[in-house]
Each structure stands twice: as C-alpha cells, then as structure tokens.
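Enquirer: This is the feature table in TrEMBL:
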type     : residues : note
DOMAIN   : 8-263    : domain 'G-protein coupled receptors family 1 profile'
TRANSMEM : 65-87    : transmembrane segment
TRANSMEM : 164-193  : transmembrane segment
TRANSMEM : 205-226  : transmembrane segment
TRANSMEM : 246-265  : transmembrane segment
Amino acid sequence: MYVVILLGNGTLILISILDSHLHTPVYFFLGNLSFLDICYTSTSIPSTLVSFLSERKTISFSGCAVQMFLGLAMGTTECVLLGMMAFDRYVAICNPLRYPVIMSKDSYVPMAAGSWLAGIINSAVQTAFVVQLTFCRNNVINHFSCEILAVMKLACADISGNEFIMLVATTLFTLMPLFLIVISYSFIISSILKIRTSEGRSKAFSTCSAHLTVVIIFYGTILFMYMKPKSKETHNLDDLDATDKLISMFYGVMTPMMNPLIYSLRNKDVKEAVKHLFNRSFFSK
C-alpha cells in the first residue's frame, strides 16, 4: 500500500509538472495534495513497517515529538487545502468568466502557501504543549504511531488545557474549512441545477465530483476521530482504542492511496496528459 501511495501520488505530481496543459490552479492544488499525501504517510508508515520486523518496538521521545509534529502538520494542511480547492471549484463553475482573474497565480500560490503555514503553526503550538506534559510510569503508546491523542493519554498531569487548545484548533483548521466547502458546494449545486441540458449538468458536476469524493472520505474519518464524544464507560476502552487506531489507519493510508485513483480515473485531462507523455517518450526513442 505504501508503494502504491508513492507511485500513484508521485506520478500525479510528475504529470502536473511535465504537461503544460495542466499548469492550472486545480492541478497546482492537486500536486500539493499529492505531495502532502506522500509526506503524511512517510511520517508514520516506514517506522510502522520497521516495527513489524523488529523485536524491540521503541521510539525516542524526541523522535516521537518529530513524528507527532509532522503528522499533525500534514493533516491540518490537508484540511485547509481541501477548503481552498472547494473555493477554486466554486469560482470555476459559478463565475467561469472571471475565473482566470480571480484564480490567477498571484492568488492560488499564496492560498496553497497559507495552507502549509496554517498546518505548521497549528502543529508547532500543539506539539510544544504536549511535550511539556509530565510523563511517568506507563510509556507504551497504544497506537501504530505517535498520534497526538494517544501520546496525551500517557501524561500523568492535567491535559484539560491541551484538550481546549485542540478543540480551538479543530474548530479553526477543520470545521472552518469544512464550512467553506459546504457553502461552496451549496452554490455549486445551485448553479448546476440551473443548467438546462443534462449533458451540461453532467459536465459541470464531473469537474468537482473527484474533489467532493475525497472531502467526504477524508473529513468523514477525521470528524469521527476527533469530534466524537468521549465515553465515560471504562469496560469498553480497548474497543474504543482499537476503533481509533483503525480509523487513523484508514485516513492515514487508505485515503492517500485512493486519492490518485479518484482524481485520475474520471479525469480526461490526466488521461490525455499520460497518453501525450507516453507517446512523446515512445516516439522520441
């Protein structure tokens, strides 16, 4: 699965760089998303694979902090980036004549850079507060990697402050982009329904169906993981921990693996670009 993630997302990045027809805002965002998926999975999967083959499954405290920072930074960046991509689709469908002006290079590059900056700042703040906690006795992380919630559970100090910071961060960097996505798609659906021909409606919807699919899968698992109510029961904590780990593995592995397939299978531009590059490399030989 990790090899598929590297090959699939790496291929999308390569195609979007080499084919001049794909030098547009939507494929610039898609290239960022693919790079994010490679970075996000690379923060945890290699160490998990090593632990499968190793007798001693340990990680240093500093190594755990780095893994926690990178994982949270990539996850936050993806949330914000998906919101930016929704705005791009809104302008493309609802205001197509002004699309080149609104989504110029001076606009979409800072939007992507802002997404990365938001992820890095949020992760730096949350990680800094977690590493300052007091840890004693139990040092076994009940997770596949140093996921921030799993590490916080090991602290033998009050973590209410950390939970409040996480709630604020989740609202700003997860729910706000989700709100932007919902608003954007409300206008998009309204515009699509006004198109008289079924062919026109189908063409308009196909331009944003891939992004909407990714949003549903990614945000569905993220919200279930971080926004679900904490159970006060103690007898089913093992089941809850197992569920958290499986959900984390789903959005940490399955989603990055499916993204290239979702964006390429029904995308004529990507198919044409692959065909063009293949023919160019074949005939040049």
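All residue numbers here begin at 1 and follow the chain in the order shown.
Cβ coordinates come from backbone N, Cα and C, glycine included.
TrEMBL labels come from automatic prediction, so no person has curated them.
Are these features on the surface or tucked inside, and what touches them?
Expert: Long-range neighbours of the transmembrane segment (65-87) within the same chain, counting only residues 6 or more positions beyond its ends whose Cβ lies under 8 Å from a Cβ of the stretch, are 26, 29-30, 32-33, 36-37, 39-40, 43-44, 47, 59, 108, 111-112, 114-116, 118-120, 122-124, 126-127, 130-131, 145-148, 151, 169, 173-174, 176-178, 180-181, 184-185, 211, 214-215, 218-219, 222, 252.
Only residues 6 or more beyond the boundaries of the transmembrane segment (205-226), in the same chain, are considered here, and those with a CB under 8 A from a CB of the stretch are 33, 75, 78-79, 82, 85-86, 89, 92-93, 149, 166, 170, 174, 178, 181, 185, 188, 192, 244, 247-248, 250-251, 254-255, 258-259, 262-263, 266-267.
Same-chain residues lying 6 or more positions outside the transmembrane segment (246-265) and placing a CB less than 8 Å from one of its CB atoms are 1-2, 4-5, 8-9, 11-12, 30, 33-34, 37-38, 40-41, 44-45, 71, 143-144, 147, 210, 213-214, 217-218, 221-222, 224-225, 271, 274.
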Enquirer: Using a Cβ-Cβ cut-off of under 8 Å, list the residues of the same chain that are 6+ residues beyond the ends of the transmembrane segment (164-193) and lie near it.
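Expert: Beyond its ends, the transmembrane segment (164-193) has Cβ neighbours at 76, 79-80, 82-84, 86-87, 89-90, 93-94, 118-119, 122, 125-126, 129, 148, 201, 204-205, 208, 212, 215, 219, 222-223, 226-227.
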